[in-house]
Amino acid sequence: MNDLTLGCDNNLAHRTREIDRERLIVRRGQPFAITLQCSDSLTPNHHLEVVLRLGERDELVITVQEQREARDKWWFDQQRAQDEIVLTLHSPPDAVVGHYRLAVVAKSPVGHVVDKADKMGFHLLFNPWCKDDVVYLPDERLLQEYVMNEDGVIYMGASDSIRSIPWNYGQFEDYVMDVCFDVLDNSKDALKNPKADTENRSDPVYVSRMITAMVNSNGDQGVLTGRWEEPYSGGVAPYRWTGSVPILQQWSRDGAKAVKYGQCWVFAGVACTVLRCLGIPTRTITNFSSAHDVDGNLSIDILLNDKLETVGKKDSSWNFHVWVESWMRRDDLPKGNDGWQVLDPTPQELSEGEFCCGPCPVAAIKEGDLAMKYDAPFVFAEVNADIIYWMVGPDGQRKKVTINVDQSGVGKSISTKSVNGDFRQDVTLHYKYPEGSTKEREVYEKAGRPVADSTDGNAEPGQLQLSIRHAKAVFGTDFDVIVEVHNGGSKDAIAQLTILAMAVTYNSFTRGECQRQATSVTVPGHKTHKEVLRLRYDDYVKCVSEHHLIRVRAFAVVPGQDKPVMTVANIPLNMPELLVQVPGKAVVQEMATAHISFANPLPVPLRGGVFTVEGSGLLSATEVHVKGDIAPGQKVSVMLSFSPRRVGVRKLMVDFDSDRLKDVKGVATVVVRKRHFISGVY
């Protein structure tokens, strides 16, 4: 017998044609057909035996029954016509995902082998369109976004200054699926006990947890090595990546050797690619003011010395942190924990001995059910921990610092891309009840987080209150930071005011002091004093990180008051944008040209300029180097020709980097039409 299967027919029905039009790729819980050409010696009295094998050493062998016996078993039916047999295979909705080898044997009534076909194979994926699959998602709009969409938006910046970058997930690019299965095959569990690992791949809880461990390379043969400060020698700086595909391809090409380097949004982007490719609905989530609670006490203790410098490296508050959510039913947990699950591939803390995190039900975080698997206390702290500032004296004694409550909160503006377009959807209320509500207090008490008294750590009546305002800060320009000192009492107040501006990374590593200003201020009763700090490009450029983030602390000591007063503001420096255009109509397999332009906004020349361009279905990651220096104010334009590979609405993503200006992004939407598109008529 010979296999005459046309993969494209099945693949269209199983929504996998974007992955491959030739190889057979199907989803579990949904039948698929294989056509076999029979030899002349095969008669109606002969019967078929169908055997499936999975794993390099046949870790799983399944004999397929010819009639349906149970919901959780493979079975097949057949139709014969002339010299062909149409074999329809039915997989259970909880079948193991992976690369199956298929053997069909024709036997005579007395058991002799008459014919066989054993060179066949197919890939089986999760099926979120199947009602009985635990990853079933009953909304086609959501499925199109969280499984089928190859382009996305990841949010960064600060809660009061949110920016976005485009990201090319590219889960259907050539051979990305193969790499995704290779990622699973290289996990510690797969290498240690391949049979148990194979059998567990029916469970998206197990598979997604393995993915969070394998996207980072801590302790295994994972995909990405993390690094959070320059230099990024021997690899690619995290901000230069614009998509997951080059990362996965490099990892595979180098024999499962970790790619350098990633940070949280890169880890999350790669995890989203792998999970969507395997058929698990997934989206990236950005948590602004994200707590990293090392000791698990639901409190972020930040220690400051008398110079307002952070001392100790234990707990921290990240400006933002990116993880993913995947959709699945949690049959391993009590009722109420189905739906979105937090998965965090960024290596932060060990979970059962591995650098992985989740899946953790978002519903459990909202309700404070910290006993739910996996890693609920850590995730709860990321969005709910209390930030406490302490002044540490020369003798090591701590003194609590009064700080405005709105500056100390974590878990703000939790964001994801909307299914309706490239704009932000706020999902904060999925994670927590409204601030100050009775339910919020009940959840805190259940979770064991101290419920602060209304005056604990906050400015008391009659005490000075501090706030920080600033105009839009653009990288390359000078700008003012205004500290307002408000006296809520009736008497004049004299205070020693210190303003410190520091360059920090998005995860709170201090890179250096930009400017410091100390002065004595007198504030009349019920009045506000304004103190201006001028931040100059020449001052902050010397120490600013690639995340272009300035942290300002204003600190006031008032004679006679027990606690010093402080407020903190994170000021993201806005970056210029690239102009990306693809004029004319784009047709599959025909040349198109991208026009990319950019003007140097800095008062200094840029050297070593390079554009990186990529897009799913358009072109692989390509670098275009700029010749010579780019003078201040100079506009540089480049053109890049490419041949779109697949039809549909595509995104062309561009990143620009140079010696003094990095992480400048641009994106263009490209509608790729079929080749027979003529004069506006199909």
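Backbone N, Cα and C define each Cβ position, glycine as well.
Whatever TrEMBL says is automated annotation, not expert-curated.
Pulled from TrEMBL:
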DOMAIN    256-347  domain 'Transglutaminase-like'
ACT_SITE  Cys264  active site
ACT_SITE  His321  active site
ACT_SITE  Asp344  active site
BINDING   Asn384, Asp386, Glu435, Glu440  Ca(2+) binding site
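Looking only at Cα atoms, Asp386 (Ca(2+) binding site) sits nearest to His321 among the active-site residues Cys264, His321, Asp344. It is Asp344 that, of the recorded positions Asp344, Asp386, Glu435, Glu440, has its Cβ surrounded by the most other Cβ atoms within 10 Å. Helix first, then strand, then coil: DSSP counts for the domain 'Transglutaminase-like' (256-347) stand at 15 helix, 41 strand, 36 coil.
Straight-line distance linking the Cα atoms of Asp344 (active site) and Cys264 (active site), rounded to a whole number, equals 9 Å. Around Asn384 (Ca(2+) binding site), taking its Cβ as the centre, 23 other Cβ atoms fall within 10 Å, counting all chains. Within 10 Å of Cys264 (active site), counting CA to CA, the binding-site residues Asn384, Glu435, Glu440 contribute nothing. The C-beta environment of His321 (active site), restricted to residues of the same chain at least 6 apart in sequence and closer than 8 Å, consists of Cys264, Thr286, Asn287, Ser290, His292, Thr346, Glu382, Asn507.
The number of other CB atoms found within 10 A of the CB of Cys264 (active site), across every protein chain shown, is 28.
Averaged over the domain 'Transglutaminase-like' (256-347), the predicted model has a pLDDT of 92.
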